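The structure under discussion appears below in the form of structure tokens.
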Amino acid sequence: MLKSTQVILIFILLISIVESLSWLALGLAANRFDRDKPGTSCKSLKGLTRRQMRFCKKNIDLMESVRSGSLAAHAECQFQFHKRRWNCTLIDPVTHEVIPDVFLYENTRESAFVHAISSAAVAYKVTRDCARGISERCGCDYSKNDHSGKSQFQYQGCSDNVKFGIGVSKEFVDSAQRRVLMMKDDNGTSLLGPSQLSADGMHMINLHNNQAGRQVLEKSLRRECKCHGMSGSCEMRTCWDSLPNFRHIGMAIKDKFDGAAEVKVVKEDGIEKPRIVMKNSQFKRHTNADLVYMTPSPDFCESDPLRGILGTKGRQCTLAPNAIDDCSLLCCGRGYEKKVQIVEEKCNCKFIYCCEVRCEPCQKRIEKYLCL
């Protein structure tokens, strides 16, 4: 029988796990951030933990970048998964709250991707906005600028300040992983036992995937240069470090999703902190840059509201055997129906001098295939 203290602490642990992604609802908040009234602006936001609320009040000038990051993360997730059974439906556009995707809190592959992409997106938006001068506390990274003239190129201009962006992401995004300290009785035994280890393991894996996403961002920095010299001889180049389009980062994290490592969390005697290890010890150990997960993903075929799974009924599919959204795969063997839609479009357009464009109305037949 669990004691009342254990029940309360287990409840707190579960709440902290559920809150780990709720801040993504920031992207749909309608209000703007008033720098003169940080308390009012932050209190009106949904989904923030207490630590994130404190961050908001102290760093109101960065919150627009954080919100842009949540939007970018959601958009990129939907792009990468729009043809799959789980299409990254995360936020309810009516309530502006994160849909309770329970499976995301079970440390699945999908959870790993969402944590990594959201962490990277916040760092990305803060970094780019710093270069635009949105905050007096950050700007370009001039640390690499070289004025010695010894090399064939010189770092000059505005390099993206990735270190600052990563620091903000780590402080804001990682703070959602609230930790409840291990509580022990007089004999040194954990009051929560396996529940504590399980919750600690979930937090550790979420933090690992957050960091993996930021590593992808940092490694994506590329050097851009401009040539100087007579007749384009490029005798001297001035260079700066710049981040690519966020789509490039999203694709890199998606590749890591495809190769994610299945792990488990173990607590060894004499070592206070649990460790993340490969579930199958015969496989090569994961690295800090790999995405990791503990729970195999559901098949997402049937609707399961209690777990936040929408199912694939009514989803549009294609008749392409090798495609991810092929009807036989997306519809989970339930079959599909064909719907024909006639739409009117403009065609045979001609330019009439002067200055008019005349078109003829045309009907176009569109066939759609929907999962049963």
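From the backbone N, Cα and C atoms, a Cβ is placed for every residue, glycine too.
What you see is a predicted model, and the numbers here were worked out from it, not measured in a lab.
Between CYS227 and the candidates CYS234, CYS239, Swiss-Prot records the disulphide pairing with CYS234. A Cα-Cα distance of 8 Å separates CYS331 (disulfide bond) from CYS317 (disulfide bond).
The most densely surrounded of the disulfide-bonded residues CYS88, CYS359, judged by C-beta neighbours within 10 angstroms, is CYS88. The two recorded residues, CYS359 (disulfide bond) and ASN87 (N-linked glycosylation site), show a Cα separation of 38 Å. Of the recorded residues, CYS77 (disulfide bond) and CYS227 (disulfide bond) place their C-alpha atoms 37 Å from one another.
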